[in-house]
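Chemist: Found this in TrEMBL, in case it helps:
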type	residues	note
DOMAIN	76-200	domain 'Fatty acid hydroxylase'
DOMAIN	363-527	domain 'Very-long-chain aldehyde decarbonylase CER1-like C-terminal'
TRANSMEM	71-89	transmembrane segment
TRANSMEM	96-118	transmembrane segment
TRANSMEM	124-143	transmembrane segment
TRANSMEM	260-280	transmembrane segment
Amino acid sequence: MLHNQLWISFSRYRLAKATNIIVLDRGLEFHQVDREITWDDQILLTGILYYGGYMIFPEASYMPYWRTDGVIITALLHMGVVEFLYYWLHRALHHHFLYSPVIHPFAEVLAYFVLFAIPQLTALFTRTISIASLFGYVFYIDFMNNLGHCNFEFIPNKLFSFFPIFKYLCYTPSFHSLHHTKFRTNYSLFMPIYDYIYGTMDEASDETYETSLKRPKESPNVVHLTHLTTPDSLYHLPIGIASLASNPLSSSSSKWYLRFMWPFTFWFNLMAWILGHSFVSERTTFKNLTLQTWVVPRFTKQYLSKKQTPKLNKLIEEAILEANSCGVKVLSLGLLNQMKIVDGSNLAAAIVVNSIPKGTNKVLLRGNFDKLYFSIANALCQRNVQVVTLYQDELRMLELKLNTKRKQSFALLAADSTLKIWLVGDGWNEEEQKKAPKGSVFIPFSQFPPNKLRKDCFYHYTPAMIAPPSFINMYSCENWLPRRAMSGWRIAGIVHALEARNTIDCGFTTFSINNIWHATLRHGFQPLNTHHSL
């Protein structure tokens, strides 16, 4: 399982960077991740079969570490028997009625177990089996399976130049990818020699190999720079565990088995401190744009520590310089990575304002005084919605900053108020949350969701929208957001690149919130208006 997970993570990392990728026009989607979640049943069946063999055959209990004759027998039987039988069985499974969504995969799995058992049982019955031949053969099978499905080419051309015969004894990822795209060619298991012998080798095999090997690193148009939230959030990244990444991250979704992953979590944290460099986590495409998500290997607690500020600023600066050297057109900042690039505040404000139920004429606004806070307040005033504050100093600050002509635009919350629409940001504490009346709706405009203390109230998601169906390679959730939802700060960078504007959400320049909102809708993004409670 660890071997497979390492291959999955590395192949998705290479897919995100788009270096030497074989197939670029097809992306992963949520339905594929859901379909593959139960594929570990094969691992469980393998364990059961090996345990059964251990209990049935006494010879399996007393294996030496090494026997040369057993290793040779296993290798020869695989090359001459397993590869030959699998080639013809695989070719038959692609013929007429056998090629179906049920028969083909089911028969292929059974064939795996039966054929792979031939070398192992032969070595066992001839008493030439050893730990090296048994576990070495299992490792070889897993390694070659993962190699053939990794979707990036990395086997150097020099290897085939020095050892020409190797071309017939070991397939390449590009060789096997052609079988999945054209179906009627390249049937071999791991050794292409039988496709050469029986004339089923795809004519484009060599060309695809050369093209993939020479494909350069892709330069994205838009980069969204984010960071980790907790140590366990590493496994929720697209390059982490697929079943976790495909679901929203929340405090209640922390899996118990992640506690046993602490050695890997510790190792990653150690490497992050040593290397100290942002890395590519995700690659998507939308219209004519190539989008990437870069992750700063630091956690939320570190961002809140003043001692870490110089180091974090350096990491962010290095990421910005790298993006600039790669020719990135737009860099958007997520979570606590806030600098004067595309901060997405105006689009976030537009999302919050448009999340307010129609007919609302009064809302409570509470949060730190920042660009987003005043953008929301200004937009509400323009819509003739009264802004209510909890404290007198907030009221004075709003009147001073916005200088509206309408005296009724702002008010102080009355002690007996039943106001149920609360717009809340950073700086909103738990005591203030308890003051809200029953049935209140909390609409956050913060980067992080508030602590959900009230079971009798409703909580919106943080500012976000649903991505258009034309987004390709979208198979993981962005932090705590639902599937196919993207944060407003991330969307702002995409819309900025599509609209080719220089004033949208950059620095502290306030652009028309309505213009940003309509531009976002025009490109297919849809509101995420569903609120939820705990």
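Cβ coordinates are placed from backbone N, Cα and C, and glycine is handled just like the others.
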Chemist: Any residues 6+ beyond the ends of the transmembrane segment (124-143) with a Cβ under 8 Å from its own?
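Modeler: Same-chain contacts beyond the flanks: 3-4, 53, 57, 59-60, 63-67, 69-71, 73-74, 78, 116.
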Chemist: Can you count helix, strand and coil residues in the domain 'Fatty acid hydroxylase' (76-200) using DSSP?
Modeler: 87 helix, 1 strand, 37 coil
Chemist: Checking distant contacts: for the transmembrane segment (260-280), what same-chain residues at least six beyond its ends satisfy Cβ-Cβ under 8 A?
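Modeler: Answer is 13, 16-17, 225, 231-232, 234-235, 292-298, 311, 315, 318-319, 322.
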Chemist: Do any residues of this chain, six or more beyond the ends of the transmembrane segment (71-89), have a C-beta under 8 angstroms from a C-beta of it, and if so which?
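Modeler: That would be 107, 111, 115-116, 118-120, 122-123, 126, 128, 130, 132-133, 136-137, 169, 187-191, 193-195, 198.
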Chemist: If I take every residue in the domain 'Fatty acid hydroxylase' (76-200) and average their pLDDT values, what number comes out?
Modeler: 89
